[in-house]
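Undergrad: Below are the features listed in Swiss-Prot for this protein:
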type	residues	note
ACT_SITE	C177	active site, cysteine persulfide intermediate
COMPBIAS	296-323	compositional bias 'Basic and acidic residues'
DOMAIN	123-217	domain 'Rhodanese'
REGION	285-329	region 'Disordered'
Amino acid sequence: MSQYVVCALYKFVALDDYQEIRQPLTEVLEANQIRGTLLLASEGINGTVAGKRESIDALLQWFKQDSRLADVVYKESFNEEQPFNRTKVKLKKEIVTMGVEGIDPRHVVGTYVKPNEWNALISDPDVILVDTRNDYEVDIGTFKNAVNPNTETFREFPQYVEDNLDPKKHKKVAMFCTGGIRCEKSTAYMKEQGFDEVYHLEGGILKYLEEVPEEESMWEGDCYVFDGRVAVNHQLEKSGYDVCNACRLPITDEDKASDHFEKGVSCPKCIDKHSDEQKARFREREKQVQLSNARGETHVGGDAAHLIDQRKKEKLAHKEQQRSGKKAK
């Protein structure tokens, strides 16, 4: 049996005291040797953590002590190795960032569709199926005939809706994401924009892969996950993807065989994205990682977070430039 339980969880619920919850929650995670990241905001909790079976059970039991979190939505999968390096509880404005004020899934949300009813819905020719995830996630796998909004971050989703969807034309819209949380907000947003029939996959892709037999599945490819496994197959097992530690994008064995791949420094997707100075820093970091591994330690550097933030800013700037060009025309 796999050694670690990977638990993805969330709940939209009023947590006016979310700042006070941070410390005791951190203590529970650390006391049970649970790693991963949980986000707290006034609108609820979200995140993915991993630990031994008894540790995750202890965390879920801790949630039950607070009536607001007692029925937190969670999904489990398993892995032979701990997929996280650190334990973090972060305070945020939103537990999933859309950047639109007033969207509250607790009050208005789309219609939930069970995994075993999903195939029938998305086979309806009158339904437009929209993948609410980012483009690098869609590249790895998605549902048959799903529309890719080509978003780099979830913040761009409202603009996609404004530019491409019309409540008068698109009468039935079905949406899905990894675990369900992004669809809670995206369907709430769609309802606010006047879309009447808005559906979303209850429990997300992960629940669908868990419950729908592969021979009946309309899922194509693997599913990107936000932990060290990078992606999972239909059996919810780690698939053949790795991650480039320079750009943090998923890469295949073919990518790693490329002349543009240098472990920890570059891959075909980012070879032209970083300066020589940055690459020199990445090489030094990779050297330290290898030294730490040789000592049986875990090296946690600051470059990864910096790169993720930088990549988001660059892509947002590019999107803004594209939109400005459209308006100018």
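Glycine is treated like the rest: Cβ placed from N, Cα and C.
Relative to the rest of the structure, where do these features sit?
TA: Secondary structure at C177 (active site, cysteine persulfide intermediate), taken from DSSP and collapsed to helix, strand or coil, is coil.
Summed and averaged per residue, pLDDT over the domain 'Rhodanese' (123-217) gives 96.
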Undergrad: Name, in the order they occur in the sequence, the residues of the same chain whose CB lies under 8 A from the CB of C177 (active site, cysteine persulfide intermediate) and which sit 6 or more residues away.
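TA: Long-range Cβ contacts: D131, T132, R133, C183, S186, H200, L201, G204, I205.
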